[in-house]
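Shown next, in structure tokens, is the structure this report addresses.
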Amino acid sequence: MDTSTDNATNLCPNGNLDVLARNNGSDLLLYSRFAPPINQIVEKASYPLWCLIGFPGSILSMWIWSRRSMRRTGSPAAAVYQSALGGVDLVFFIVQLFWYLHMAWQLRTLDRAGVCEGFAIANYLIQYASPLLTLVFTVERYLAVCFPFKVGARNFGNSCRSAIHIVIGSLFFCGCLASVQGVFYTVTDGNCGLRPMFEISGTSEWLFYTVWIMFTEMLIFGMIPIICLILNLLVIRELHKLAKDDKELNREVYPQLINRQAITHSSARVSTTSSVFLPQLAAAISENTTRQSSTLTLLCVSFYLIFAHFSVAVMVLLYIILPMGDLCMTDDQIAHDPTWRRHFRFFTVRSLIESFGISHYAAKFYIYLA
């Protein structure tokens, strides 16, 4: 953060307090005072809307995929991964309630020692877990479809127990990444926020914070969704190839079996081959239709995750890179300063994009359901 503020006393060279000190060290008060009014409307309306949609969807997802019948009829690993994703979405809305009350209604729910650091860790853990579990589920599906007969592919999360171990390992990895956030955030002067040492531009602490945020944001919210998209495209290509092969086989075999069955019926005889194979062939045709409809769902989810995660990651990086205006300006100067006005407009755009970004926690179940 580029500032001419005296960090010890929050005094500017002109003898006045900087703008953060004038707002009790709270950037929430700063943005509520100078940001466009639409920013407050978005912050107050987005969470209840997505929570109303996502809360029942997450509970239904956990209930449906954790049923024994789902594990028996389908892939046990897929059921575990989908149930885990539903649990992550549910916990996300619970954790975000603290942020919503703190940010939108300024109830200071996070301005307590231990709560501030704990929220930072829990918030990032959940946000890291969602794309990572999606990647794990995508890898399992990719191996099952594209390499169904390889031993290593069949052993990757193929049972409930191994899938549970993979989920636990993924959550542990996310916890290790998120634990660093507990070092970045603390309560300073009664407000939860970034530690002052990480805000001084040019210092080693500021460099470490900036590099770490850029690395984790691009890894979790940039590379992982892109990898999911690539794997899903490969799955879709393989399913299309299988559907094409089955279609050619059906075109050649199905009419012959129909004619053979007609001949056997005319001679009052029952063909065992046709009576057994025809229902199986009809089931295969129905399965191919289901596969084709699911390919669109896979592609929609992949693009949705990319737009949701990647757009938020870009906004976070731009917020870190783009500077604020001069902190030593008066309130009247800030209201008319082009740099500050651009910063507040960008903050409003960031709020809108973040509101869209959290929508995938609410809509993911309904996309899979479609």
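The backbone N, Cα and C atoms fix where each Cβ goes, and this holds for glycine too.
Straight from TrEMBL, the features:
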- 57-368: domain 'G-protein coupled receptors family 1 profile' (DOMAIN)
- 47-66: transmembrane segment (TRANSMEM)
- 78-101: transmembrane segment (TRANSMEM)
- 121-143: transmembrane segment (TRANSMEM)
- 163-186: transmembrane segment (TRANSMEM)
- 206-235: transmembrane segment (TRANSMEM)
- 296-322: transmembrane segment (TRANSMEM)
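A Cβ distance under 8 Å defines the sequence-distant neighbours of the transmembrane segment (206-235), meaning residues of its chain 6+ beyond its ends; these are 127-128, 131-132, 134-135, 138-139, 141-142, 145-146, 177, 180, 184, 194, 197-200, 295, 298-299, 301-303, 305-306, 309-310, 312-313, 316-317, 320.
With a threshold of 8 Å between CB atoms, the same-chain residues lying at least 6 positions outside the transmembrane segment (78-101) that come near it are 43, 47, 50-51, 54-55, 57-62, 65-66, 70-71, 107, 109-110, 115, 119, 122-123, 126-127, 129-130, 133-134, 136-137, 140-141, 157, 160, 163-164, 167, 358, 361-362, 364-365, 368.
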